[in-house]
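Chemist: Not my notes, these are from TrEMBL:
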DOMAIN    34-98  domain 'J'
DOMAIN    167-248  domain 'CR-type'
ZN_FING   167-248  zinc finger
């Protein structure tokens, strides 16, 4: 018996024609989420704009990153919206008939794959899923058996002021993914062997077909039983099939001279090991430099302050100031004015990667004017003032 389905513009009404008899079915209308609103784009948005919006929202709401309640449902909603709006035929159906025109696409396999597989396939073009934000290290699902590079590991390192100036050799404690010693990284329980997946017959894919007003649509999805590998396994009890476990280790890091707070040092191939024998990711170390009591970093220059008496400001003097190499002598010229900056050439920090290119030390001069003076000192100052103005001095 031939069954025809006519989809009306009202999603709450469907008419089924069974031969000559017609059965009218009415349903309670439940408001549906607008796919364009979910992605935050206009109805005439281009495919590029839709893809950009989806990438941004997928990163924000992926359940392996966002642990807030409702994040996973939000992720599934935006993934479903992107799946429709990124496909010209589905988008056309949605624009004309709403979500009711897409009901036939929602098979069991599609429901399983529409969010995570869609997210994975979209980002696979960016050098592998595990390289994006460390999703692999947080349990992001990838196809079993595929060799992929391990995620980068992030670590912070606190340095003393002078260590950052001259460089240092530091021990860094890192917790990273290592191959499981129980299963040797395979994820398979020792003593067992992989078996052909019963659901997909070893193909790793499941297909789904439907007939629509535009014709027959056929979609192929990774098998949700074997993860697209075509095989089912008994997972290792130690790593639960991951093939990797987190272990703490200590690495020796050579910090170059001239680093500053906010700099990052990337150590190649010292991150987490990849899946199924894949190469390691990198270790990314973020630098924080503790402040110094007297010295301040300003690019490659070093700033400090020196306070002198008003007498020394008038007649000049030689003072001792702190520097990155210890104490240094600085000549104060006679008649120096308050807030003058004196330059000690090439006494600053080396440029990162160019140790022979050094900055200067800049010394800010402050003149100490006393609030109170002794009687004898006042007399001498008054005599100096008369002498300055050409008046006679009484001895």
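Positions of Cβ are set from backbone N, Cα and C atoms, glycine also.
Each of these features: where is it, how hidden is it, and who are its neighbours?
Modeler: Mean pLDDT for the domain 'J' (34-98) in the predicted structure: 85.
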Chemist: Please work out the helix, strand and coil residue numbers for the zinc finger (167-248) from the DSSP assignment.
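Modeler: Counting residues by DSSP class gives 0 helix, 39 strand, 43 coil.
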